[in-house]
Amino acid sequence: MDHLDLSPIRRAEGVVALPGSKSISNRTLLLAALAEGSTEVRGLLDADDVSHMLSALRTLGVNWQRHGESRDFRVNGVAGAFPVKQADLFLGNAGTAFRPLTAALALSQGHYRLSGVPRMHERPIGDLVDALRQLGAVIDYEVNHGFPPLNIGLAQIRAGGRVSVRGDVSSQFLTALLMALPLTGETTTVEVVGELISKPYIEITLQLMRRFGVVVERHDWREFVVAGGQHYRSPGSILVEGDASSASYFLAAGALGGPVRVTGVGRDSIQGDVKFAEALAQMGAQIEMGEDWIEARAPASGRLTAIDADLNHIPDAAMTIAVAALFADGTTTIRNVASWRVKETDRLTAMATELRKVGATVEEGADYIRITPPAALTPNAAIDTYDDHRMAMCFSLVAFGGVPVRINEPRCVAKTFPEYFEVLKSVTV
Ligand SMILES: O=C(O)C1=C[C@@H](OP(=O)(O)O)[C@@H](O)[C@H](O)C1
Ligand SMILES: C=C(OP(=O)(O)O)C(=O)O
């Protein structure tokens, strides 16, 4: 088995220029592809999830060019409909590619097949398919009802009216629907059924749609009205912010010593995961924030303290809090993260299993996890990562506990942050 042995880390200090945000990269690419005009996308994330979106768009007839070896791209919009009407798309395990493309293709009059890695075929998509069928889309499940692979057929799309979508399994279903609706050209009201989770990701969607000229009226988190007759129009140029979820590992490292500064996200960010800094501050870390940077250092007291918090608004960065809890006095409880079960792996079970390997006492609930750190971390734990980039990244923090730790299959970080371990090395001693 491939693995990476991390030696004990004494402290982290320095500046990390963050890679581009996954959520912003994939939304921007799709909106730029559907828009009228061409868009310069600067600072795009270079990682598997975005590569899947880029190659899907090329297969669908969208013309894009990369400027040399840079992270800057030009995307030539197709003004509404993909030119290629038949395609078989492989989307890995990229939720931000799979869900939005499903909606865009279901409303765009062609025959398409969408598939991914085996885990993607275990991640639910039924709520999105149900919503799209209300609009007249023809979508079949290839193997299991409610799960990819999907086959999309030619449809009679019903113009306008009301459509409902469940919001309590993944917010990506609502994001997908909102981004695709302007393709139908009629006013549509989307009603969210159940309590919407991961709300800040809907803010990212609405902000970027607005950058491309489409305005959505939002009534609380229950109803969204997309007016008819709008089209996406290129804003000219878009700079992708640094990834706020990727920032969480370095901010946590800073909170265990520091200072560590991340650049590319800050006060002006449109990403909900910047709120990770608030959770870390609640644990006692000293946080400073500028327009496009965040800095973390250890609490004045020297020790983090446990928190009991609902982290439904930052489900990805919440995993970093779970590992930071190993360094906090007391018992930390992370609540309202049932969605962890349907992500890259069942993250509640994976987190509980691996935290126990380093000696923590862990209670795993249906939608919460409670972590009491051990008096001393177990040295040389071999952490399984379950093909989950975030398991690999957050468990690297164990090395700050003065013990060596082994990360199995570390290359899973390629999903969102291929150079993670090199960057970590560059700011630690
Ligand atoms: O819309 C997005 O960009 C994302 C939404 C979240 O998923 P859920 O809405 O399924 O919680 C998050 O976990 C994922 O990494 C990215
Ligand atoms: C849940 C995640 O990814 P996805 O976009 O595939 O849902 C994640 O990156 O933590």
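Every residue number used here counts from 1 along the chain in the order it is shown.
Using N, Cα and C of the backbone, Cβ positions are placed for all residues, glycine too.
According to TrEMBL, LYS22, GLY95, ARG123, GLN172, ARG347, LYS415 bind phosphoenolpyruvate; the candidate from ARG71, ARG370, ARG390 that the record adds to this site is ARG390. A Cβ distance below 6 Å to any atom of ligand 1 is met, among the recorded positions ARG27, SER171, GLN172, SER198, ASP316, LYS415, by SER171, GLN172, SER198, ASP316. Residues distinguished by a CB atom under 6 angstroms from ligand 2 are absent from the binding-site residues ARG27, ARG123, SER171, SER198, ARG347. Fewest Cβ neighbours within 10 Å among the binding-site residues SER171, GLN172, SER198: that distinction goes to SER198. Within 10 Å of ASP316 (active site, proton acceptor), counting CA to CA, the binding-site residues LYS22, GLY95, SER171, GLN172, ARG390, LYS415 contribute ARG390. In sequence order, LYS343 are the binding-site residues from LYS22, ARG27, LYS343 with a C-alpha within 10 Å of the C-alpha of ARG123 (phosphoenolpyruvate binding site). For GLN172 (phosphoenolpyruvate binding site) paired with SER198 (3-phosphoshikimate binding site), the C-alpha to C-alpha distance reads 9 Å. Figure note: comparing Cβ neighbours within 10 Å for the binding-site residues LYS22, ARG27, LYS343, ARG390, the maximum is reached by ARG390.
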